[in-house]
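Database features, via Swiss-Prot:
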BINDING   Asp21, Phe22, Asn23, Arg37, His60, Leu61, Gly62, Arg63, Arg119, Arg152  substrate binding site
BINDING   Lys203, Gly294, Glu325, Gly354, Gly355, Asp356, Ser357  ATP binding site
Amino acid sequence: MQKKTLSDITIQGKRVLMRVDFNVPLDEEKNITDDKRIVEALPSIKKIIENGGRLILMSHLGRPKGKPNQDFSLTPAAERLSELLDCPVIMAGDCIGTEVMQQVLALQDGEVIMLENLRFHPEEEANDPDFAKELASLGEIYVNDAFGTAHRAHASTEGITRYVQTAVAGYLIEKELMYLGKALQEPERPFVAILGGSKISGKIDVLENLFNKVDTVLIGGAMVFTFFKAQGLGTGNSLVEENKLELALSLIEQAARKNIKLLLPQDIIIAPEISADAESMAVAVNAIPDGMIGVDIGPETRAAYRQEILGARTVLWNGPMGVFEIDRFAEGTIAIAEAMADATAAGATTIIGGGDSAAAVAKAGLADQITHISTGGGASLEFLEGKELPGIAALND
């Protein structure tokens, strides 16, 4: 997917309208608890400012349901960006309208304005053409650097590209496409994928697409119990998707047919309930007692999965191995994170597909030891499913 990027255009004196993903978590006092998404947009932002562009930033934050709500204002993001850049960032009162247009036209080279939350208008998520056109009129060049929303055809990501001549990718999207794209198109082998999370249903398309690309798949998280039950094993009170048992068997058969090594856990950590003070122990997967719940992969599985990861040249991970929100049941997930960091040090390319896995790696303090951590949970999943992302497809080739 070769798309034009920021590096391909001249910016000097131009109004550059950039879609960023500043959907950051806020606490009750409206303080940003994690500014990772703002920091990740800095390379594109700095490039535009340093090259004399007039930068207009737009983003959504949370789910304000199509009407103005100060709880979802982007003011904290503008303030944090101003600190990071050490220069003023003007905060607009809206994202469209006469007043905003006047503020935008008054910008000088190298100045920055942050538009208010796009989702204060229902037209954003409806991909309304008039709204998209009004947004487009603010800039002369459009840049999309919001990978996290690239799988959504919204006014600011897809509709807008019909009303601008120049629509290019920012550095963050370029990096995402480079790592995720290379992993799917021409990975160094062996290529190992690790999939976790609670449900098979959310990962079917990913699994089926990866079966055409990878050498080995390691499965963890609660979705293993649907596989176990399908194979006739007892699963106690663990989470099982009863309507996905046949599907689980067909996935096992597909893997065998395509000569893919599909590994399921050999042992499981079980507890009577999912709580931090529950008694827990490791048991073999064919010995899960009635009434017990599987909460993590066991030590033998951790060791086996580690070996597979260390033997790989490309590793892709999406989804935790257990209930990692509880420290005692996070050991399996942390073990995967550590194995990935060690594989990276040994020269492998390691990629984390956003969401919970990214949070787990951050929790383990290993984020800087992974080749690439995707910024888009849903977007990276759809990319791994082999789907075209509308926000990227719409950019200039």
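Cβ atoms here come from the backbone N, Cα and C positions, even for glycine.
In three-state terms derived from DSSP, Gly62 (substrate binding site) belongs to neither a helical nor a strand segment and is classed as coil. Proximity to Gly294 (ATP binding site), defined by a C-alpha to C-alpha distance within 10 angstroms, is shown by none of the binding-site residues Asp21, Asn23, His60, Gly62, Arg119. In this structure, the CA atom of Ser357 (ATP binding site) is 18 Å away from the CA atom of Asn23 (substrate binding site). The number of other Cβ atoms within 10 Å of the Cβ belonging to Gly294 (ATP binding site), over all protein chains shown, comes to 28. Sequence-distant contacts of Asp21 (substrate binding site), defined as residues of its own chain at least six apart whose C-beta falls under 8 angstroms from its C-beta, comprise Arg37, Ala41, Ser59, Asp145, Ala146, Phe147, Gly148, Thr149, Thr375, Gly376. Taking every pair among Asp21, Phe22, Asn23, Arg37, His60, Leu61, Gly62, Arg63, Arg119, Arg152, the residues recorded as binding substrate, the greatest CA to CA distance is 18 Å. For the binding-site residues shown (Asn23, Ser357), fewest C-beta neighbours within 10 angstroms: Asn23. Less than 8 angstroms from the CB of Gly62 (substrate binding site) sit Asn23, Asp71, Phe72, Asn117, Arg119, each of them six or more residues away in the same chain. Highest Cβ count within 10 Å among the binding-site residues Glu325, Asp356: Asp356. Its own atom aside, the Cβ of Lys203 (ATP binding site) has 23 Cβ atoms within 10 angstroms in the protein chains shown. Comparing the Cα of His60 (substrate binding site) with the Cα of every entry in Lys203, Glu325, Gly355, Asp356, these being the binding-site residues, the smallest distance points to Gly355.
In the three-state DSSP reading, Asp356 (ATP binding site) counts as helix. Around Gly355 (ATP binding site), the C-beta neighbours below 8 angstroms that are at least 6 residues distant in the chain are Asn318, Gly319, Gly377.
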